[in-house]
């Protein structure tokens, strides 16, 4: 499953996780097994480009599949992605490229509730992406950062600085502009205006639910991970492995598997390309995790956090390039404001983390991934 969407979308005090995620990872994933360095692998430009390319690839592939005529096999899509991810990381582990712990029934029992939250997060995200354009989807994902940040304040003793609060204001403003631009375009375009507005409203509702599910997933993972000390590839392994049986049951019971619906979701002319996109979207989650580790290893967590903020621009632009997202002054303005809000937020976190920590309880946490930060917390206790 595309858990990394969470990942790169949320650089927060406690973890950064996406659209990860998210991805859900936001800063320093576990480092793969070290290999002899070379001038190519040590070049910081290459991992940054690989990370950005992986993020764009995952978003575009998901949108391609979900933008089909009345595509309604979302649980099946997530199941395929999870299976592909498990096969990929098992292969990488066998080849010595990555390492993670073996399956444990006790650890699986502790982690299962988090996998259920992840399913909710990814499913609602897929529904939102189905109804909204990539630029609008990317902009609204920023709102999850606000929910997570204040969840940190309530439950983990975090804090919100003035500059951070300003970035939140820009995020809200960009979302308002994006929604206004979408509705304005729907009203002014030809065709059934009421149907287009209804589609947008459905997308906004799914986006709201997705923001709530994502913040619940991240904050819940922060607590649960203390019981397991998981690293990032451990979380990827258990999240996808535990999700597969649940998704198989959900797709079998809740989705229409009649021959007519299968033909509608997988038209004969596009069947091969749709299946290829589904497989590639599953692989892209592995690419994101690996390139995240590569990026942090050859640069720094600070550089990585800035790359995550800057990465929102090419992801949003990919929707304008590869799909029929409207290119208007309001829509471009929303992307620009959202882009600036991400940069301001990253700068605010860097400045906050640079301040000396005083007192027993930390008021800010490093820009690291959920698994890494929570493991440190458990070691302190």
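Using the three backbone atoms N, Cα and C, a Cβ is placed for every residue, glycine included.
Worth saying up front: this structure is predicted, and the values here are computed from it rather than measured.
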Of the residue ranges 6-27, 160-181, the one that Swiss-Prot records as transmembrane segment: 160-181
Identical membrane-side domain name, residue 132 and residue 354, from Swiss-Prot: no
Seg_contact(the transmembrane segment (160-181), the transmembrane segment (327-347)) with at least 3 CB pairs under 8 angstroms, min sep 6: yes
Average model confidence [pLDDT] within the topological domain 'Lumenal' (61-68): 80
DSSP helix/strand/coil residue counts for the topological domain 'Cytoplasmic' (90-109): 10 helix, 0 strand, 10 coil
Folded-back contacts onto the topological domain 'Cytoplasmic' (90-109), same chain, C-beta under 8 angstroms, at least six residues removed: 32-33, 228, 230-231, 233-234, 236-238, 241-242, 286, 290
Of 40-60, 69-89, 134-150, 200-220, 274-294, whichever stretch has the most CB pairs under 8 A to the transmembrane segment (110-126): 200-220
